[in-house]
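Novice: Please read through the structure below; I'll follow up with questions.
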Amino acid sequence: MDTCNVPGSNKDVKTHFKVSRFIIEAGVKLGMHSVPIATACTVYHKFFKETSLEKYDPYLVAMSAIYLAGKVEEQHLRTRDIINVCHRYQNPGHEPLEVDSKFWELRDSIVHCELLMLRMLNFRVSFQHPHKYLLHYLISLNNWMNRHSWERTPIATAAWALLRDSYHGDLCLRHEPQHIAVAVLYFALQCYGIEVPSNNNAETSWWQVFSEDVTELTINNIISDLINIYTMDTEIA
Amino acid sequence: MEKDLVRQSLSQHGPSLLSLLKSEQHEHAGFKQLLGDLSKWPQYRKERNAENPELQQFIARKADLLFATSWKSNSQEKSEMQEVAQGSYAVMPPLEQFMEVPSAQKRELFFRDAERGDIVIGRITCIREFGFFLELLCMGSGILRDIKDLKINALCPVRDVPSQSSHGDPLSYYQTGDLIQAAVKDIDRFHEKLTLSLHKSALPTHQSFIKLGVISTDDMPEYYRQSLVLSDNLNTFEKILRQSLAFSNPSSVDILLSKLGIDESNPPSLIRGLQRENFRDQDYAPFLRKKQSSSWALKCVKHGVDYFKVGRHVDAMNEYNKALEIDDKNVEALVARGALYATKGSLNKAINDFEIALENCPNHRNARKYLCQTLVERGGQLEEEDKLLNAESYYSKVLTLDETFTEAEEALSKLRQRMQKSLEKREEQDEKEEKVKEKKIETSAEKLRKLLKEEKRKKKHKQGSSSSSSSGSSSDTSSSDSHKKQKKKKRRRKLSESSSRSKKSLSNDPSHHKEECYSPPANTSASFLNHKSEVPKMLKEHDRLGHRRASAARDRSLSSSSFEIMERIRGRSEDSIDSLSSTKTQASSSRTCSEASAGKYKSSRRDSTDLYKTEERHRNSSLDHLEEGRKSSRKSDLNLSKHVSADSKERRSSGNTSGLYKTHSQGNTSRACTDEQRIVESDKAQNGSAAATKCMSGDLLNILTQIADFEKEKGTKLKNK
């Protein structure tokens, strides 16, 4: 496992998990699509790979990451919405913030933080996400599999859910997008006990078709990373 | 929990998963139900992968989410999905082609998975009397498999080939080697036999638009083309995918998601905290924004009300507008702004605001109250403006809003009384008018004729005028007319001297001129009026000059002969005007005039004198020169016509006329001639700006020549007598 790359302790991982969770939840409430959310999480994880949690408030970074991701993925979000949703997340049940000087200060800090992040990431904020790969894999698989077993089994939904959940950790930084996509698909098929037809008789197994350089070891690593995320979820909750 | 899914997973993962499931999901109600069934079928697959306890633990923990029925329903939608536009996502060659699955297995799986209603594409290999055989190349729908090398033959029986109208035998339409798109009608999985149909009825309903029958190579599905490319030139899946233009299409994600039946508005997750049911609607951005906006807007309204109380209405309005900008449906802001509008007197705007407020909040008491009051006020305004029907609608609107609003009721009853009265009045008036009309009926025909003539004349003028003013052009025609008349006049005189017919022609003449000189009524063409307004100004000056001289001339003419006057005028005019020749010709022409008039006419020229006098008076007195010009011309016409009609009478009473009258008339005619001369002179002198003046002078000339003509003729007639 590549977790040794991650700086910081287990505590940091937990914090990042929480903040990532915050990003994803806020993203859902903001109506963000999966790809912008993925970008926001990637930006967040990448940022804290460059620096440490002591230096910056992770939640502010997360808010700026959401704002930035909206721009990068061309799903423009309004800072006011971001502030409202995030404020509500931190203070459940509270009334939305008054639009006063405090509000505008918060907004300014988000914008400033966004600039800081851009500079920290050397303005490289456009990422190749596994999403597109996964969807194309799913279409190919759909055509090769029996229609009824495909329709009966929510492979696509499960794979999509796994992929979205993977952003709770920094998998996106440690693995190729194709590998993640393949692993997620593999995991989903495993969960439902489904095998790709004739995979054993074929010259090339299906995951190797999708990504030449992926090995079963990588797939299993990613899967165990994913499982770790879910374990952490129960630990924190 | 979905039974089939659990069973499928269990058969893969074996009894260890079951025990894990039992421990993890013992609280789940759905699982307890399943448990009874599950124990009955422990038919686990023999050749299982190495067991992965981590994975099984995960499945067991997330079983309620993984096997939830809600997820399953998502994926079923996609089968209904229609084909999407080309280029929206990367179409890849079939997976099995990359995997290099043995042909036997491909064939087996094809016959396992193909279904009725699927579209297949193949080439005709042979045609028999009972139908034709196809060798399948690819699929048109459903499972897009690599079947081109599987040598799958399918029969399309003759009864499933629709007959083409021009061919008796439906099969004669087809040839060996044709590409055919057909629907699978029947499939014998055991004997691996396919029956096809070309009838639309064989297609599933959502694909009934697909054309069955002969197709061209261009109509081959994209995946098949990709597959051909791949078999020619081996490439990896990844490379082909990344090279595909459609892969970089940013919207491909959304399209594929909908194709796969994944809902992004309610994204799936295996994390419990991220399940949709854990989110409350009021935590979503649109809800929060709305809430925040309304409270923000209310704050602004409060500020506005404070301003309003102090009397700073502009500031108050600004605050209200700001509030409505923040929250365009804010009822309080609308009501407050409406109230402000109402106090400022913009009742319509106020009503509008109140109405919108009531639309958004039908129970808002203040909005209703204010709206009623404002409507009544507006009704009152309308009443004052005499728009009774509108006022009535306002009052009745109030009553539909609030039946107990007595003010409106009172106002309405009053208004209805008033309307009743006015109706009666109007009826009376109508009756009166009708009576008047009846009287007028006799004359109306005449009037109509006149109007028509006028209309015609105006049209002519309009046609004539292009860039120059209408008055200018109209005057041009009339002036040229008058010139012609002058020539005519000479001719006519010769004629009239011998013939009595002249009288007839004369009597025609003025009426004819009447048409020409009749200036249009003021209300018909205001533009015409405006154009002309400059003309009388110029005319005025000339008139004044001319008049002074003419009056002087008249004084003299009382005692002296018109000849002398003409001479004098000529001299004077020579003084004042440079061009000698022009004046000379004018003078000569005027001389002929005066000669004629100064002849031995003894007729009672009082009428004509009167005419000139009135004309003069008009010119002098009237300030509105246009009006004056029109009147005078009209009058002269009138007088002329009167003159004509009175002609016979006068002729009879000619014996009574005195010598004084005679001289008077002589003097007047000569003056008329001088007038005419003056105008013509000034015309010539002021060539540049005189176009407009010319018109007036033309008019005058017309009249004057007419008069002169008339007098002459009169004279000749008298003479003849």
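If you go along the chain as it appears here, the first residue is 1 and each next one adds 1.
Backbone N, Cα and C atoms are what each Cβ position is placed from, and that goes for glycine too.
Feature list, courtesy of TrEMBL:
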- B:117-199: domain 'S1 motif' (DOMAIN)
- B:297-330: repeat 'TPR' (REPEAT)
- B:331-364: repeat 'TPR' (REPEAT)
- B:454-674: region 'Disordered' (REGION)
- B:521-530: compositional bias 'Polar residues' (COMPBIAS)
- B:531-544: compositional bias 'Basic and acidic residues' (COMPBIAS)
- B:565-575: compositional bias 'Basic and acidic residues' (COMPBIAS)
- B:604-637: compositional bias 'Basic and acidic residues' (COMPBIAS)
- B:644-653: compositional bias 'Basic and acidic residues' (COMPBIAS)
- B:654-672: compositional bias 'Polar residues' (COMPBIAS)
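Can you tell me where each of these features sits in this structure?
Specialist: Proximity of distant same-chain residues to the repeat 'TPR' (B:297-330), defined by a Cβ-Cβ separation under 8 Å and at least 6 residues beyond the stretch ends, is recorded for 290, 336-337, 340, 343-344, 356, 360.
In terms of DSSP secondary structure, the repeat 'TPR' (B:331-364) contains 28 helix, 0 strand, 6 coil.
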Novice: Could you give the residue numbers and ranges of same-chain residues that sit at least 6 residues beyond the repeat 'TPR' (B:331-364) on either side and whose C-beta is under 8 angstroms from one of its C-beta atoms?
Specialist: 297-298, 300-301, 304-305, 308, 313, 316-317, 320-321, 323-324, 370-371, 373-375, 377-378, 381, 401
Novice: So, by DSSP, how many helix, strand and coil residues make up the repeat 'TPR' (B:297-330)?
Specialist: 28 helix, 0 strand, 6 coil
Novice: What is the pLDDT of the domain 'S1 motif' (B:117-199) when averaged and given as a whole number?
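Specialist: The answer is 86, the mean pLDDT of the model over that range.
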